[in-house]
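Asks: Got a structure for you, written out below as structure tokens; questions coming shortly.
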Protein chains: 2
Amino acid sequence: MKTEKISEAVVRRLPIYLRYLNSLAMKNVMTVSSQELGQKLDLNPAQIRKDLAYFGEFGKKGIGYDVGYLIEKIRQILKLDRHIPVALVGAGNLGRALCNYNIYLREEMKIVAVFDASPGKWGETMGNLTVQPMSELAETIRRLGVRIGIITVPAMEAQNVANSFVAAGIEAVLNFAPVIIKVPNEVRVHHADFTAELQSLAYYLD
Amino acid sequence: MKTEKISEAVVRRLPIYLRYLNSLAMKNVMTVSSQELGQKLDLNPAQIRKDLAYFGEFGKKGIGYDVGYLIEKIRQILKLDRHIPVALVGAGNLGRALCNYNIYLREEMKIVAVFDASPGKWGETMGNLTVQPMSELAETIRRLGVRIGIITVPAMEAQNVANSFVAAGIEAVLNFAPVIIKVPNEVRVHHADFTAELQSLAYYLD
DNA sequence: TAGATTGTTAATCGATTAACAATC
DNA sequence: TAGATTGTTAATCGATTAACAATC
């Protein structure tokens, strides 16, 4: 593996590759070329080869990439080869949807705890989990070794939740609330902002 | 307005600006500088000025931007100054979350119809809507003038739903299914892919 | 061998940032 | 006027794509 800095754009494409490769593996396809990957994923084959080459020489000239081997490699790169516990705050409809989605996430990256601020939610079942009060957040996160936090609360409360996550030692946050949250530099935040996504779509209407 | 081609990155930032401007308006703030916007939104002030300048001269030198005026302008640019009906297919937890989110979306961009393939869902209430069978999709979309479609079905069915949307004359699609869908060039697709988002987060863990 | 496809360099393209004259 | 901040040009930075030697 080279020590060159990997751009965010590259890292964002790796899960896309991984997902399609998994679907190939399920169909018992053994080998795939950058050409075919590019076609299926709407990407330039040269870009795919370059992306993968940042991390090693995974392909065979004249042949392509071994599907199983490439899956293994990308999983290592994304650190999906180890168990990564995730916690979620905000037991509304979206939180529920994500918890039920748990089955689709592989074993190694799973929501292991759900919290909500309102007493009415405590004890409620979401997926295979029970909603806990916020007061138990720090202790639970430490006990379960949670490393990633998901925020599905209203915009008003998102920053507070982020602060709690950071205080509890979480390393990365996926924020679904429609607001920009601030965290220390060493914590990574991704925004999943479907309102913005929808609004920017409108621009392209005639 | 200049006729220069506007990049996707610029268009994606406009809803972010709009949202923060709305929060300022609610606090009766009259004026804002690119400097302050940049601080709050984690963006470079020069970038914000450049983004806005693509569409016109909205600011006042030495003063900044009038909040109300800028809101109005961005809404016009994003075409959010007109009524844009949206349809959703997939009455699961995620679909329900989005329908209930309807209140947060302004009047002008609203989910007006929900569909599902499974008879068990038909007639169910989601937000203020009733789940309809897929057989009614084309007629309903035409009758209500739906222009944007949201896909919240499992990956396996996403392409079929996209095809139905396209056949019914939809102009843009927001796809939540974890799969790349193919549509004609004139149809715009955005992917809201939180599984990929979550997996790429893992890369940044130590 | 001939054909296919990688890994990588060079070329291109595009987006971000810095700088500053204009001006409120 | 002095200070602030825009709009815009130029400089920088980064990402994508094309091309091709290496080689399976």
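Cβ from N, Cα, C; glycine included.
All TrEMBL annotations are machine predictions without curation.
The following feature annotations were taken from TrEMBL:
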- B:16-55: DNA-binding region (DNA_BIND)
- B:G90, B:A91, B:G92, B:N93, B:L94, B:G95: NAD(+) binding site (BINDING)
- B:79-180: domain 'CoA-binding' (DOMAIN)
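So where do these features actually land, and what's packed around them?
Replies: This prediction places the mean pLDDT of the DNA-binding region (B:16-55) at 97.
Taking Cβ-Cβ distances under 8 Å and a sequence separation of 6 or more, the neighbours of B:L94 (NAD(+) binding site) in its chain are B:T152, B:F176.
Counting residues of the domain 'CoA-binding' (B:79-180) by DSSP class, helix then strand then coil, yields 38 helix, 29 strand, 35 coil.
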Asks: Given binding-site residues B:G90, B:A91, B:L94, which are under 8 Å from chain A when comparing Cβ atoms?
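Replies: Cβ contacts with A, in sequence order: B:L94.
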Asks: State which of the following binding-site residues has the fewest other Cβ atoms within 10 Å around its Cβ: B:G90, B:G92, B:G95.
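Replies: Across B:G90, B:G92, B:G95, these binding-site residues, the one with fewest Cβ atoms within 10 Å is B:G92.
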Asks: Taking helix as H, G and I and strand as E and B in DSSP, count the residues of the DNA-binding region (B:16-55) in helix, strand and coil.
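Replies: Grouping H, G, I as helix and E, B as strand yields 28 helix, 2 strand, 10 coil.
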